[in-house]
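Have a look at the structure below, then the notes.
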């Protein structure tokens, strides 16, 4: 059968014959034939927004053209038949940006750029449907777009231009005026192609003969789009897959039989009130239903529809709501569902239809359990019907999650009640979110309500009745979810009584009505983040100026190339085979079943490695593949790699590999490792100890001695571009490598070692990568070396790109820590002594654990004067995936640990936390635990100066009084305010790592290229060094281009990490440029009227060398441990310290544990910043990443496996999580002598600023507690952990 689809792609009519039914739109866009690489693979679930495109078509049911943001990863290619697809490349070009792209560009709203196209497309879709949106509309449109770099401030500044309700002075305060060229005008946008305009979708029957790699069966995959229900039922044979929005048809899932699309079936697309019901066709999307409910709520005084609409808009995210259908969501019966509970509470019924007839089933009976429904083999869901609410009916829905938007809930409750004269006649209370039972009807709550009057007594009874469901709440293995679910069952019912009473005007008997309703309200008030920036003035032509990166326009137009965009001809794709157990003996690897997978090529194991089976590093205990007969020491450890013609075939083959592993006992926590005395080499008991002063004397002088402990979980990097590499064999046994790495020379060295070839035969090139944050310092070698072994084995290019869940589980993250401490202080609040024992989870291999541990140890005292200290660091060797480098490299843990200690001591002794900090800030002359090369004289006064300046500029004392007044006025909402300082050492402690080279070439037309040892990952390094070059050469910045980092041009590179990028590469670039400028100076002097281009042309003809290579090293820092004497260590622990402080104000809902950051004031010592755009971006982005670390990003392992570790569950901050008001200041008049142009790097230190928000939150928790004393919460302070710190009785007695 001849099959074809017709669609428009960026305005061009496209006809595909015999298209693959199992190809996603994203994969098609990225094929060699299309090459629209602006649509990225951010994940497989549609929760990053990087893959967002706009699909437009005429909707015959709504009788209008609609533009929908959709996830291209989840959209099957065949589903865009008769639609118009618009990608970021279709809007504008580098030469002529679209208005949205220009606005984003002018606001410098990008860093790494991997997410940029998705933001543009989300905004474009919104403005095509609503040219005059409000801030709430914009927040909704972008609720699925993640940016890990910027902190969202410049994005907010850009998108604010399109909101009609932004305050008039917003743009002046943000210093981002709106230009005429940035204004959106729908009249100038291309119309829907005439061929599609006003036409309903046609029937479609696509048959694709394929050997399906995923299912390992040869057969026919068919996509059918019937036009009637009768036709659909005729086609449905019980084996067909009924699809609507395709959110369940993921890249990791393939169906070989028949897909039946429902979007063209009128009976399944009905939506509206019919008789005494609201009828919702099964093919109705969640977004369309939400819009209809909003309209109904505006036309009707009935409060139910508005509540349901509001709830639906907070589920999934915009792209997924545009795709997901009501029928699909109900039939999935997914454990993460947020829609079932309110529909059951409202008495929804499901109509099931088959050729033999129809039947109606209550939704409550239809859902039998997780992944299980009553839908029979030949039935389909026709529609869902909600009875029209009776007069006096209201609905309240509460969602518990770790972030406000685009987050899978761990708890959903829905209370529907009907009352007259404040007496309840009917009530339905449904709770969902439990993986085992999906939903529960809480009859105890219903019984407490029916017949009762809406008053305080009833509310209290409902609260207790809900609390009886604690056993249900414990149905989780994630610790912070256990107390949250248990308590929210009662709390949500209590809140629901108040909210429903308020909606019905029956709240006179509820004393706390206003306070409870205030706690439920959206406290952000839909305000885009306001940021006010201040920085030192520039003194040079280019350095110090806010100049955008040269390739920013390419990022906004989707034409910037990342390592994941490269695919060579004849490429094989690789997929790892991992150990499924945390510890065991690998007895055998059986790959025989892989041969049954069509497209499978071969598998490689340790036996195929011609050289050494190890990765370089401090220790060489990381293997490329675990050999048969040896131990596997963690889950996700690599034992083999399968190679195939497609990624899908490679992954399918990897799933078929049979491993015979004899399990061994495993150490799965820091505590277990400590009890077993299991530590990494030279990281055990009494081995890494630093002493200052006399600790015993210090404790003897103390009036108070306080003991305690503190636990801090890890964090995932969540860089937008997952680990990826491509290895291409070239002539004479050489290899060309593209890798998403911060460490090109390590990739080069490890490949050469594994292949037993010279380093010079491995050529690694890195243009820019989609974020790194330290996670691509050492771990990219795992992919690249394995791929190189495979490429050598097969003689073909090999490409690997990890899926998001795989990347998160395999590559390691920030080190978790457990600290035990003892503190002595005087009654006046001056520290006399501290001892700390901090143990991190180093995982199964060494990686960079010791340096991370060292930095946490070095910075243990932060900017506090503690005259007597003993600090010991240990690294537990567990059977977890090894942890690795992460932005801050132990510094964030050190900061949070000392701040948690100060907080604990303050609450234990009754000394005010602010006063305790203020009295102990370092003063000139105070001794520190360790020092840095240039900090001793230059910077010893900075901690006190910064502290005093942030207190004054933030108006801390005035605001604290306002916070106290707020807390007196509110019962359930509490605020906390805190100020915390930090110090952070920059550059490496080992001298050999502080080296860099640069190669600069000037051409006869006056332009220049710069190649240096650093890697651009969004931090603006290339741009900063272009400015250095322009000033050194005395030419305009437009003439300078920084090219890809290349091991053939700049050998022996060090990792771009430890805030080293500009400090070691900048001087190298400057030296090379100055050498060239010196050669050209005589020509410039002799030809004063000539342009630089003319001078270079003269130089060319007079044979003047216009190329130079330079090398730079730092003075000797080299730290040396003395493992026999804790006071006899030598050297420095960094080149300089960054200093800073933050004042954070946080608001807490003491009923639910939810919290929001109201305002933050950031002050950082950046020396003389090299480029305010990038330095502000680094400060704000790092701070936001710190908010995630301390408040929401929870990395939890169970039996060696990460739990809920994917883009849906892992709560990186979104636009709605950043402070409503942010003041960012770089310290004035603080040049840093000894650095490039007296600047400091701002890459890592800002993350430490987020600790202030954590302490502010603890202050808010304290305001809600009757009992005084320490607040013992494990970090991060998620809503679940906060709930656990709030004693349950406080909810009734306060």
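The backbone N, Cα and C atoms fix where each Cβ goes, glycine too.
Not measured: the values here are computed from a predicted model.
Feature annotations, reproduced from TrEMBL:
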- 112, 115, 147, 149: [2Fe-2S] cluster binding site (BINDING)
- 216-391: domain 'FAD-binding PCMH-type' (DOMAIN)
- 242, 243, 244, 245, 246, 247, 248, 249: FAD binding site (BINDING)
- 742, 773, 887, 1058: Mo-molybdopterin binding site (BINDING)
- 889: substrate binding site (BINDING)
- 1244: active site, proton acceptor (ACT_SITE)
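Of the candidate binding-site residues, 242, 742, 887, the one lying closest to residue 147 ([2Fe-2S] cluster binding site) when CA atoms are compared is 887.
All protein chains considered, the CB of residue 1058 (Mo-molybdopterin binding site) has 28 other CB atoms within 10 Å. A Cβ within 8 Å of the Cβ centre of 742, 773, 887, 1058, the residues given for Mo-molybdopterin, is found for these other residues of the same chain: 772, 774, 775, 776, 777, 885, 886, 889, 1055, 1056, 1057, 1243, 1244. The Cα of residue 887 (Mo-molybdopterin binding site) lies closest to that of 112, out of the binding-site residues 112, 242, 248. Mean model confidence of the domain 'FAD-binding PCMH-type' (216-391) amounts to 90 (pLDDT, 0 to 100 scale). The Cβ neighbour count for residue 147 ([2Fe-2S] cluster binding site), using a 10 Å radius over every protein chain in view, is 31. Closest in space to residue 889 (substrate binding site), of the binding-site residues given as 149, 242, 247, 773, 1058, is 1058, taking the CA atom of each residue. For the binding-site residues 149, 242, the largest tally of other C-beta atoms within 10 A is found at 149.
Relative to residue 1058 (Mo-molybdopterin binding site), the recorded positions with Cα atoms inside 10 Å are 1244, the candidates having been 112, 242, 244, 245, 248, 1244. For the binding site of Mo-molybdopterin, formed by 742, 773, 887, 1058 according to the record, the largest Cα to Cα distance is 12 Å, rounded to a whole number. Checking Cα-Cα distances from residue 773 (Mo-molybdopterin binding site) against the recorded positions (149, 244, 246, 1244) with a 10 Å cut-off leaves 149, 1244, in sequence order. Counting in whole angstrom, residue 244 (FAD binding site) lies 27 from residue 115 ([2Fe-2S] cluster binding site) by their C-alpha atoms. Residue 247 (FAD binding site) has 115 as its nearest neighbour among the recorded positions 112, 115, 149, 742, 1244, going by CA to CA distance.
On a Cα basis, residue 246 (FAD binding site) lies 30 Å away from residue 112 ([2Fe-2S] cluster binding site). For the binding-site residues 246, 247, 742, counting C-beta atoms within 10 A of each C-beta gives the highest total at 742. Each residue contributes its Cα atom, and for residue 246 (FAD binding site) and residue 115 ([2Fe-2S] cluster binding site) these two points are 23 Å apart. Annotated pair residue 742 (Mo-molybdopterin binding site) and residue 1244 (active site, proton acceptor), C-alpha to C-alpha distance, rounded: 15 Å. Taking Cα separation as the measure, residue 248 (FAD binding site) is nearest to 115 of the recorded positions 115, 149, 1244.
It is 21 Å from the Cα atom of residue 115 ([2Fe-2S] cluster binding site) to that of the residue listed as 'active site, proton acceptor'. Of the recorded residues, residue 245 (FAD binding site) and the residue listed as 'active site, proton acceptor' place their C-alpha atoms 41 Å from one another. Comparing Cα positions, residue 149 ([2Fe-2S] cluster binding site) lies closest to 1244 out of the recorded positions 242, 243, 1244.
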